[in-house]
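Novice: I'd like to ask some things about the structure below.
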């Protein structure tokens, strides 16, 4: 979609020192532009009297915007990633700051839709930026630090909301602070991101016709879509669930920072722990753990269950993202880009359908624990059925983690 951008690299600097600007950009674009709604939702629901159904529509609007942003980048490749990144980060901040200016569902949905589009554009631009050139021994660590910025941004957003709740801040104030935080993170990231060499000239596309996708790819995409449906329910409503169990914001407010911290740590550790492993089996194990965390909080209404769910869901969603994409790319061979596009589309559709399904269930009287239990059942069933794919003979899982040197950098959506 766009040519990789390589900053001026000092061989004496650590991977973390080189990658932190990109990590800060993802913290703003994803932690705030994409996921800020989750910790603010309990306050919005309480103050405006919003229902679970309305929360589902607001969440789905943002996810739909993200999908539109990704599809737009496919149709019209970003030619100037640096300028597009600056505009996208600015848009994320301004759209977040605009949330308190209106108090109606239609406008809120429009703002969240636009914020989703901007966060997708920013993510794609960061993906085109590399802290070090391909093949550099620091590449894996630099990429892990970069993509840990997503979880770090989630954790930072959660901590900001926790601190504001201690001061009895209203939802409007929280949105304003998060918009200012997005501006601050973007401003801190920008000097490092703009110190870069000119983009490498693009290679001419091959005139050969695209290879046909192996039959295993649609099956993997189906399970990836099921993952999108399942994970997005706790990723959207976990703090609201915690609030139902313990109304004290000083306690339930910790659910989202723990979620983000677990995501950041998993991105840093899993590529090392899973080196040489079968990516489909890693996917299955992580998804089973996620289902366990969701089922626990659905049936056991205790703060300990919320903490367990935050750690298990936050610590596995990026693992599944990485393992699933790697399995598909390895199985697809020369059709890797097409396989990645199909997986991305399935995932995006799933995470749009998830909140809408929760809204529909709420309309018929289902509550949040029931929605979580249904999502956990879907994830568990999918994890079990994934076992049939590992013996397919397509090599979908064998050593796929080991074959991907960039760790979490292989994810292209969240």
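Every residue gets a Cβ built from N, Cα and C, even glycine.
No curator has checked TrEMBL annotations; they are predicted automatically.
Here TrEMBL flags 55-76, 83-102, 114-132, 144-167, 173-193, 213-233, 253-270, 306-328, 340-362 as transmembrane segment.
Please go over these features one by one and say how buried each is and what sits next to it.
Specialist: Long-range contacts of the transmembrane segment (83-102) within the same chain, counting only residues at least 6 positions beyond its ends with a Cβ under 8 Å from a Cβ of the stretch, are 25, 28-29, 32-33, 36, 108, 111, 114-115, 118-119, 121-122, 125-126, 129, 171-173, 175-176, 178-180, 182-183, 186, 189-190, 193.
With a cut-off of 8 Å between Cβ atoms, the residues of this chain six or more beyond the transmembrane segment (144-167) that come close are 15-16, 19-20, 22-32, 35-36, 39-40, 43, 126, 131, 173-174, 177-178, 181, 185, 239, 249-250, 253-268, 271, 314, 318, 407-409, 411, 414.
Remote same-chain residues near the transmembrane segment (173-193) are listed as 7, 20-25, 27-28, 32-33, 36, 40, 43, 82, 85-86, 89-90, 92-94, 96-100, 129, 153, 156-157, 160-161, 164 (criterion: CB distance under 8 Å, separation of at least six residues from the stretch ends).
Residues 59, 63, 287, 290-291, 294, 313, 317, 320, 324, 327-328, 331-333, 335, 338-339, 342-343, 345-351, 353-355, 357-358, 371-372, 375-376, 378-379, 381-382, 385-386, 389, 392, 394, 396 of the same chain lie 6+ residues outside the transmembrane segment (213-233) yet bring a C-beta within less than 8 angstroms of a C-beta in it.
Sequence-distant contacts of the transmembrane segment (253-270) (same chain, six or more residues past either end, CB-CB distance under 8 Å): 31, 38-39, 144-145, 147-159, 161-162, 165, 235, 238-239, 241-242, 306-307, 309-319, 322, 407-408.
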Novice: Where else in the chain does the transmembrane segment (340-362) make close Cβ contacts, counting only residues six or more beyond its ends and a cut-off under 8 Å?
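Specialist: For the transmembrane segment (340-362), the nonlocal Cβ contacts are 51-57, 59-60, 63-64, 66-67, 70, 74, 213, 217-218, 220-222, 224-233, 236-237, 321, 324-325, 328-329, 332, 368, 370-371, 374-375, 412-413.
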